[in-house]
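Positions annotated as transmembrane segment by TrEMBL: 24-45, 57-80, 92-114, 134-152, 186-205, 232-254, 274-296. Per TrEMBL, domain 'G-protein coupled receptors family 1 profile' is recorded for 36-294.
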Amino acid sequence: MSVNSTETPFNLTSYKIGEDINSISVPIYTTFGILGNILSFTVIVSSNLIQSTTCMYMIVIAVLDTVILIPRTGVLMEIYNRDLIICNLASFLFYFPIHCVALLIVAMTFERYIVVKYPLKAAGWVTKTRTKRIILAVVVFSSLINIPQITMKRIAFDAENFKTRCFYEGESNVFFFAKIYPWIDAIVYCYFPVSSLMILNILIIKNLKTSKQNLNECTNRRSVINKQQTQITIMLILVSCAFLILTGPVGAMLVIEKYLWIPKSLEDLGRFHLIHAVTDNMMFINHALNFILYVVSGKKFRKELKIIFLNKMLCKYCFRKKCAQREEQICVHKFDEVSPKEVSLDYSVDLG
């Protein structure tokens with residue numbers, strides 16, 4: 001880089017805009033994202049949705065998304081450049097969960113394709129045991145490709161900035177993380193998941209149309225099945241589009257910044273910072289958005305969420321008023337009237 005080390009881009013408009021984007025957006029999406037992921041986890045584990053293999057993926061994804069967002073709040077960053085354990089752990093706990101989430105979304109969508117393509121065989125192929133094995137395999141794979149994040153970083157004094165910092169030490173380590181690891185990261189987190197999700201969703205939609213044409217059952221039964229499958233398809237399309245739109249740019253930047261665009265002036269540094277502020281925050285928003293996608297596209301998820309909140313509100317009301325037995329029966333009766341159909345749900349199709 002041919003930028004004078006004594007000059008800084010901090011006063012450039014582009015740099016200031018990037019800082020404003022970070023200062024405004026980060027607190028908003030981290031707060032709502034963490035709360036949303038906690039709610040997603042709570043809704044699933046507190047209801048019969050937990051019996052679904054798709055929701056097993058969703059539980060793990062909610063936990064991993066929370067792990068991704070917590071460091072974004074600034075936790076541990078003050079000692080990141082001073083403590084070797086935190087230095088290595090923070091890097092691992094960033095890359096490991098984002099790779100896990102991307103691969104789990106692909107696995108969840110592939111499972112849905114199997115259910116749509118082979119509905120009669122899916123019950124034997126898509127099982128809880130097999131889903132647990134797939135999740136474990138994804139966790140192990142993501143751990144293995146990110147072991148260098150734990151073993152190759154060091155705390156050392158940066159003479160140029162006159163402070164200690166966490167960075168990759170050694171010529172071979174620098175080469176690995178400058179030339180090789182960006183490709184691994186881009187492929188695992190962006191290129192493979194995006195392409196796979198698009199292909200799988202096209203196949204799902206195609207098979208849904210075929211099954212609709214070939215369905216010879218009664219009209220009511222056909223209507224129920226089509227409605228359920230349509231809701232699932234909408235959820236998958238929303239998840240795919242969100243992943244494509246929000247992670248695609250950062251995936252491109254991972255390669256561009258290493259090979260195609262090296263800042264050579266202060267203006268370049270300012271623009272570089274601004275683009276990174278936009279793409280990085282888009283990526284993190286993807287990990288804060290799943291709860292909204294589930295609510296918008298998952299009818300059963302909305303029902304379970306409503307049941308949990310209505311149940312808590314009505315029970316709290318009864319306890320606060322120290323209801324007598326007759327009043328407690330009225331409280332339960334009122335709850336039944338609020339959602340008469342929500343108590344008995346059909347969980348044979350995930351989120352349908």
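Even glycines carry a Cβ here, placed using N, Cα and C.
TrEMBL: automatically predicted annotations, no manual curation.
Because the structure is a prediction, the values reported are computed rather than measured.
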Counting Cβ pairs closer than 8 Å, which of 24-45, 92-114, 134-152 has the most of them with the transmembrane segment (232-254)?
92-114
For the transmembrane segment (274-296), distant same-chain residues with Cβ under 8 A (at least six beyond the ends):
14-15, 17-19, 21-22, 25-26, 29-30, 32-34, 36-37, 39-40, 58, 61-62, 65, 68-69, 72, 98, 101, 235, 238-239, 242-243, 245-247, 249-250, 253, 302, 305, 351
Residue numbers, six or more beyond the limits of the transmembrane segment (186-205), whose CB comes under 8 Å of its CB atoms:
98-99, 102-103, 105-106, 109-110, 112-113, 116-117, 142, 145, 233, 236-237, 239-240, 243-244, 247-248, 250-252, 254-255
